[in-house]
């Protein structure tokens, strides 16, 4: 029926799995781009100093032009205070022509100031970006940076492999019967020829792996959503954001349970399938 748990979870799962796919795709691109040294552009101290020098020169030009505008305003104010209003026909014409010329000059200087302020903002952002890139280069030289660089290459290859296998599974309508941990342990034991209780250890390692997947995926979701909500939040939209976060978390959790079945041994996968329905 329409109100059965299979119908509800299947509809929630479609949206949740789509959300997980979007976040996974973003993470698969953003993580290697952030941590792999291959994507870092070469930034030297000379580049940063040159850009900072340009920024300081632009700021000096802005200050000098604003000073000219302030001096012109003060001069005009003093003339208006010291001299009486011009009388007569020729006096009126003289006041009009001088004020128009002065206002045109000030408006031109103000346009130059606006253009220089926009340039200074761009130079500041570029300088901050160069400093951040320089810090990433210094971080990549540390042990932790080299470790993340290795993980970036490893997970890039793993992501390509998963895309390839998922495409094959969709095209040939295949469903995996063995979880990755059990399959990996079986291959290792057969290759090395050692005595090992595959069934016992595969259960424990599978549940540990599932726990890590749940914790890291939900943590990544919350971090991503927090950045997004900070960008759009306001005093009026707080209730809507909390409601949206609750809806997304619910769909994400249900979808995680649906997808994590493939990482579990067959008997436990069957239990979850009986609870959720034949999805």
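Residue numbers in this text run from 1 along the chain shown.
Just so it is clear, glycine is given a Cβ too, placed from its N, Cα and C backbone atoms.
Transmembrane segment is the annotation TrEMBL gives to one range among 177-197, 240-260, and that range is 240-260. Averaged over the domain 'Abscisic acid G-protein coupled receptor-like' (139-278), the predicted model reaches a pLDDT of 77.
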